[in-house]
Amino acid sequence: MPPPSPLIFSILCFLSVFIFTSSSTPNTITLPLSHLFTTHPSSHPFHTLKLAVSTSLTRAHHLKNHQPNPPKTQIHPKSYGGYSIDLNFGTPPQTFSFILDTGSTLVWLPCSSHYLCSNCNNFHNSPKSFIPKNSSSSKFVGCTNPKCKWVFGTSVESRCCKQNSATANCSQTCPAYTVQYGLGSTAGFLLSENLNFPGKLLPDFLVGCSIVSVYQPAGIAGFGRGPESLPSQMNLTGFSYCLLSHQFDDSPETSDLVLHTSSSDNKRTNGVSYTPFRKNPSSKNPAFGAYYYLTLRRIVVGEKRVRVPKRLLEPDVNGNGGSIVDSGSTFTFMERPIFDLVAEEFARQVNYTRAREIEKKSGLSPCFVVSGTATFPELRFEFRGGAKMSLPLTNYFSLVGKSDVACLTIVSDDVAGPGVAAGPAVILGNYQQQNFYVEYDLGNERFGFRSQSCKTRV
């Protein structure tokens, strides 16, 4: 009989120890204990032991709390006053530019070889089109697909399906959509497609295939509240960005859009002030359900609080009034009653000469003739919970063209009077968000911000 192999020999030795030392107490195993450390003549034994304890704890914390780096993409400042991100759809992937829009929900792109965009000659580059037939993963969304209801509501089947007493015959596709965006609009059909995000593939992503648009420089990535939005389809717990200061040019500089996929457990990002999101009003207008409402308590110019009536800063039962934050708007909008109070306070505190002609030409007001270094009162927004957003001067006063005239970069419409027109009364635009780290913490239902240079990666 040949001698046992080394492995078998080791097992036999182990069993011999077990057999000869386990008879004293039932259901227990007694083995000889080894030393935690062997004394080395050149080191203190407890130093080695403490190091082992420390590294073990560090490793345990890493394994228990380790989270992969969140997916991110680059944000590009654009000449049309917005910010865009690049997304890849299809198999093989086709790359497209999308406007980052927290005020809408649908993700759509220019689609088909027959795509038509009216009044788009003002934009430097004509958007290229997604070609569904070039993608093996592209499918039309059917009328009975639950995702069709995301856009058209629960009654959509009765609109596009033929029902009879015996069977339900519904092979039709989901109806065509039409979405309005201020000056522009878009229309098309819904597709189910692969979204190829860096380090993450999302199959069956609902995306709009637009075949006609009006005044749209690119597709739109809806980041608002709604099941069809990008954050909802990616199951994000939040997202954050930092918008570079733009000069209405297509700058090659970029900053980060970070998508948060794990719970923050109410943790606060260093240096960030938070205010809770306000519950969306239960309005008949479905668009109001997509917005991120904030509770704006006070507007301060210099050290003077602008006496805005409370009823203008809180939405009523119809969704009129209140404040939202919107990355798709360029300049912050205020309803005329609020804007007039703010503009009058600036005019009262500023000693420069008014530039009335520039006001007429630019549509901005008030404007002032300045020379050398200009000094203006601080503008501060104060939110529920104590969060205060003190804007850098360049975020609310800018030189117009090559002149020596500086204008307030907040806008209003021509609707005057004490009341509030339809919709939010204050819309915090992207121009006022420049050089702020901005966080939409969806898991904890709060909005955070921190002033910083967006040339520094976050």
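In case you wondered, yes, glycine gets a Cβ from its N, Cα and C as well.
Annotated signal peptide per TrEMBL: 1-23, in sequence order.
Residues or ranges marked as domain 'Peptidase A1' by TrEMBL: 83-450.
Per TrEMBL, active site is recorded for D101 (among others). Here D101 (active site) comes close to G82, I220, A221, G222, F223, G224, D326, S327, G328: these same-chain residues lie at least six apart in sequence, with C-beta atoms under 8 angstroms from its C-beta.
Taking all protein chains in view, 22 other C-beta atoms sit within 10 angstroms of the C-beta of D326 (active site). The active site annotation in TrEMBL covers D326 (among others).
As a whole-number mean, the pLDDT of the domain 'Peptidase A1' (83-450) in this prediction is 90.
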